[in-house]
Structure formats: C-alpha cells, structure tokens
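**Student:** Below, the features straight out of Swiss-Prot:
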DOMAIN    26-191  domain 'FAD-binding PCMH-type'
ACT_SITE  170  active site
ACT_SITE  218  active site, proton donor
ACT_SITE  287  active site
C-alpha cells in the first residue's frame, strides 16, 4: 500500500516520533506528527489549526497512567513542555501543567507550604494530576485546587472553578471534554512540613509499589470499600506474566514492563484480570487511559 503523502503544517513538526520514549510504561510506536509545546501562544496556534482541519490530536505530559499502542498514534501528539510555578499571596501557588507533580510537592514543602505532601512519588505532570484528580488514600488534588486555566479546541483561553472541574475519584470533566490544561492555582497553608513525613510517604510507596520499574501506575480503579490490588492478589494472579508484561509481584494492581512488553501483552493481562474477577461478581474498571492507534476525532485524551 502506498504511504500517504505527509501533511503540511504552518509550524515546525517532527514526524514518526516513538511514543515509548514519552511513556513511563516504555511502550508505544510512532506518532504520525509530534510537537513539543513550550508557550501558551504556541499551544493556542497548534490547537486552533488542528481543530480547523478536524485532525485528531493527543495531549501528553509525563506519559504516566496511559498505554500507547505498539503501532503508535495515527494523529498528532502535543507534548506539554509548559513548565514553571509562581508563589502568590495567601499561600496560593500557580503551577503550569507540564511541571512534574512530584517536583511541585517537593518544592512547596521546601518553601514552607503544606498541602501537597501526598504528591511525593506520584508520577506525571500537574496537568495529568488535574486530568485524573491524582491522589492517594490520604488526599487528592481536589482538596487544594481552586482554579484551572485551559485552552479549548478553538484555541480560546478558559477558566474553571473547582466546582466546575467535576472532580471525583480519578476523574474530571476533561475525560469527556478535550481541552489543553494550562495551569492550576492551588490553595496551600503556610506551615513547615516535616521532611521526615514526606520521606515516609515516599518510602512507603517505594516499599509497596514497583516504583523503579516501567509501569503506568495503578491499572484499575479501586471498587468502593476495597482495593483492586488485594482482589487481584486473592484471585492468585500476582506475578502472572505474558511475554514482557507481568502483574507486579510487589503490588497486584500494577502491570510492569520487564523488558520488551507490548501493548497487546498488557491488554491480555488486563483482560485476564477482568474476566477472572468477573466470575466472582466483581467488575474492575481500568484507571489507565488505553490510547488507540486510530483515535476518534476530538475524543478525550490523556494529559498525564
């Protein structure tokens, strides 16, 4: 089959960029087109143009909590490289979406602010944290966010209050409404955080999760009142492997890439887990975003 002629854009782009380099899973084939976004105006220009030609695009940050297809992405990938933070009055901070969420938690604690201790060790960007309402059993970002600025599909700047974000367990309005999350204003408290407390949170994560191995984080949402990891472990699936993909022997709600895992191998493990738990009357919903090779136009996208 003859390869389609390359498209022409009114801005510089890269072609056939492998997404495994931009994934904490280290899985994913090439994107048709790829562009790192460094400024607000750049984001507006690119999004406005892609929307005008009805071309599918995907927004990524640190590449956590998502699984790219081995074939890649048959569209345009925008890599969020808008970094930075501003300390405001009354213990508020404005954080730009490309910034590492864990790094933000560390920086705020260092500067004498409390409220983001739970961010220690959480992979992903600030934009991804908003997109997924990231958190732990202790807290999540909904407890501190006050306002979020975005760029909609027409390239317009938008602003949402915390009530308008529709934040719930690992979810937000952006799961159904495609927008480029630009920044978040967080309300913290001026209180010196114990370094030991932050270290203990991170140490617990290191001891209980495969933090140093390629993964996308927790695969499934926790059913109400219980833990997906415990259910998978009790079903005898911990450690099960298909090819280079393995249900983590350390935490059963993680699938790790032991070397050369493919997206199909990961999806096979996900299907086995779901079908096994289904026989026990338990429906597990996956928390990670499974990004198809051929996307639907203007479908919800990953921001992590």
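Yeah, the Cβs are placed from backbone N, Cα and C, and that goes for glycine too.
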**Student:** Give me the Cα-Cα distance between residue 218 (active site, proton donor) and residue 287 (active site), rounded to a whole Å.
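**Tutor:** The separation of the Cα atoms works out to 7 Å.
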**Student:** Restricting to the same chain and to sequence separations of six or more, state which residues have a Cβ under 8 Å from that of residue 287 (active site).
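**Tutor:** Spatial neighbours, sequence-distant, of residue 287 (active site): 65, 132, 170, 217, 218, 219, 220, 221.
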**Student:** With DSSP assignments reduced to helix, strand and coil, which class does the residue listed as 'active site, proton donor' get?
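**Tutor:** In three-state terms, the residue listed as 'active site, proton donor' counts as strand.
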**Student:** How many other Cβ atoms are found within 10 Å of the Cβ atom of the residue listed as 'active site, proton donor', counting all protein chains shown?
**Tutor:** 20
**Student:** Using all protein chains in view, find how many other C-beta atoms are within 10 Å of the C-beta of residue 170 (active site).
**Tutor:** 19
